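Colleague: Take a look at what Swiss-Prot says about it:
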- 1-10: compositional bias 'Basic residues' (COMPBIAS)
- 11-27: compositional bias 'Basic and acidic residues' (COMPBIAS)
- 42-51: compositional bias 'Polar residues' (COMPBIAS)
- 156-191: repeat 'Pumilio 2' (REPEAT)
- 397-433: repeat 'Pumilio 4' (REPEAT)
- 540-580: repeat 'Pumilio 5' (REPEAT)
- 582-619: repeat 'Pumilio 6' (REPEAT)
Amino acid sequence: MPREKQKRGRRAEDKAKKDAAKRKRDEFPEESAVKRLKPSAETDTSNNEVTSGADYIPLEAEDGGNDVSMNDAPANDMPFYGLLDSEEQEYFSKANEVLELNQFHDAEERRLFVDSVYREADGKELKVACSQSCSRLMEKLISLSDMRQIRRLFNKFIGHFLHLVQHRFASHCCETLFINAAPGVTEKISKSKGRKAEVDEEDEPEPELSLAEMFMKVVEELEGNWGYLLTERFASHTIRVLLLVLAGEPVDLSSTDSVVASRKKERLGIVNTEASEENAVAERRKVPEVFEATLKKVMNDMVSGLDNTYLRALATHPVGNPVLQVLVFLELSHFGKASAKDPNSIIRRLIPDDDFGENAESSTFVRGLLYDPVGSRLLETIIKSMPGKLFKSLYKNIIRDRIGSLARNTTAGYVVLRTLERLGKDDLQDAMELIIPEIPGLIERSRLIVPKVLIERCLVRGVDTKPLSDALESAYDKNPARRLEQMLKLEPAASEEDSEEKQKQTGNNQTAAAEKLHGSLLAQTMLTASGPVSGLIYSSLLAQSAESLLRLAKDPTASRVLQQALTTPTSTSQFRRQFTTRFSGHLVELALDSSGSHVVDALWPATKDLFFVKERMAQELLKEELSLRDSFVGRAVWRNWSMDLYKRRRGEWASKAKGLDSIENGQGERPKSRIDLARAKFAAKAAEESSKAPVAAKT
């Protein structure tokens, strides 16, 4: 029988004693922690389920709820709604894929599928909303639901909103629910017989509360916790939507001016919704009268417990700043700008002084926001909505003399844009003179949004754009062809080896793509301005070679400039006569390209007064009919050019090409020829002379 392996000697004994002492020290903290409450068997089981399942991620551990002390914070006892089993997860994952593909034959088939998913999710709504993998499915379902389904789901969430809005995944479901329920707050509960029969079949009673009453229930649940939820990272975006719903303001996340979501907000759940539904979300709505009083109370409760110092600190808080933007926007736009005179109003607590003196408290606060990446967004909202008298004082004392240097800054430049939108003609003229010396530096650093907005505001206010045109011309290359390539960030044609190396170096470069986009937007804006500003782009387009034009037309970003040049009212018939013929011989190649096909579509209205050019282009397309019909984008070009009509009824196509068919249908007026214009001028002159003749006879 083998002996047990043992170590001999004093050193082995000493080492054994040290190991025993270490074990005692390791066990000591556990013995000293006996006072902590021992979890029950049920709690222990639930904790094991949470750690083992990756589907549910709680905000905080339930056991530590009594140890956390925060001002205005609710009891940190986040409930656990359970986990979906493997079969349920598999079903909901497949349902999510089906909705993502969106390959339904019609809206009715999609509605039946949504109904079946709701039946499967009955009783599991809270589990699905808190699930990491299935919460996105819940968002899609909500966006595709009718008001009856939204009311039922809303009713099941009531009583849990305080916890759901703080949950990492369920908070997004609450936000989507509020957005899609907003258009129905004025609807009354319908009690038709058809609805009762449908309820009996599904064995699910219709909620007794209307959507307006449900929103009031949400406010009651969250009451007393506004100060905490204001800076809670998951609840804050849901609170912003709730405030806008109570105010009846648009809650469309896709809008670029939306104060609801961040600029990187992902649009989930909006899968091919109807245009009428999107308009309902993006428009202002009538809301019940009780909403206005509730909104005022909620806004007051949010900031009443905060002193002025903490309120100003929220301006630079990454989570609290967007909520503060909504509060300021609603106070100034919804309750009237007269509310700014109230010393207890939010805008007055942020900016107590009207004069913005050198050492004034308001001046220090505003200057601190100018260069802050977070605070500058609040300043943008304030400038857009503040009363005119207060804005003039702010502009005169802080921004006017520094507008050139502010425009150079990456952060303060956005504040300058909001300022330019509010300036009158004289102030805009002075601001343009201060910004013009900075334009070469702005263009060199691709800060093109400042000259773009400056051109737009000059057109609105009627300011002469000649100095701006000279500055833009000097900032780019003197060669007209090279100028457009610089503006659109297009490198000259190179060999294949060089292009492959550049693709490897600049592959997936988002900065380069953004610069290219801003260059295209600047060129499109310049085309809308008549005179020398648009002339810079028109001369550059005419100077391009045929190869360069094809490269521009096939580029997704640059092709927009060609489309704008062909369709904008500032393009003259002389320019279009010279420019449209450049595409002859390449129409089929462009029509088969995803970007170039849009340029071919734009050639149809561009040749409205050039029938001989349009007919020649139609003949070129007809020769490659089979190639166009085999391509998706080619078929779109064939349809937009009415080529079937061109093949069968050439006379009707000619009338349509000249714009005569819209005249016959009463959709427009027939364009007058030169002889018609001369006749009308002669008739007007004769009528004027005949009216003067009796007057001369009387005298």
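Using the three backbone atoms N, Cα and C, a Cβ is placed for every residue, glycine included.
Not measured: the values here are computed from a predicted model.
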Colleague: Residues of the same chain, at least six outside the repeat 'Pumilio 4' (397-433), with any C-beta under 8 angstroms of its C-beta?
Modeller: 355-357, 363, 366-367, 370-373, 376-377, 379-380, 383-384, 391, 441-442, 447, 449-450, 453-454, 457-458, 461-463, 467-468
Colleague: Taking DSSP states H, G and I as helix and E and B as strand, how many residues of the repeat 'Pumilio 4' (397-433) are helix, strand and coil?
Modeller: 30 helix, 0 strand, 7 coil
Colleague: So if I exclude everything within five residues of the ends of the repeat 'Pumilio 6' (582-619), which remaining residues of that chain have a CB under 8 angstroms from its CBs? That is, six or more out.
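Modeller: That would be 544, 546, 549-550, 553-556, 559, 562-563, 566-567, 571, 573, 576, 627-628, 631, 633-634, 636-637, 640-641, 643, 646, 653-654, 657-659, 671.
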Colleague: Apart from its near flanks, which chain residues at least 6 from the ends of the repeat 'Pumilio 5' (540-580) lie with a Cβ under 8 angstroms of it?
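Modeller: Apart from its flanks, the repeat 'Pumilio 5' (540-580) reaches 479-481, 483-485, 487-488, 490, 493, 513, 516-517, 520, 523-524, 527-530, 534, 586, 589-590, 593-596, 598-599, 602-603, 605-607, 609-610, 613, 617.
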Colleague: As a test of reading the model: what is the averaged pLDDT for the repeat 'Pumilio 5' (540-580)?
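Modeller: Here the mean pLDDT over the repeat 'Pumilio 5' (540-580) amounts to 93.
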Colleague: Per DSSP, what is the residue tally for the repeat 'Pumilio 2' (156-191) in helix, strand and coil?
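Modeller: Secondary-structure composition of the repeat 'Pumilio 2' (156-191): 21 helix, 0 strand, 15 coil.
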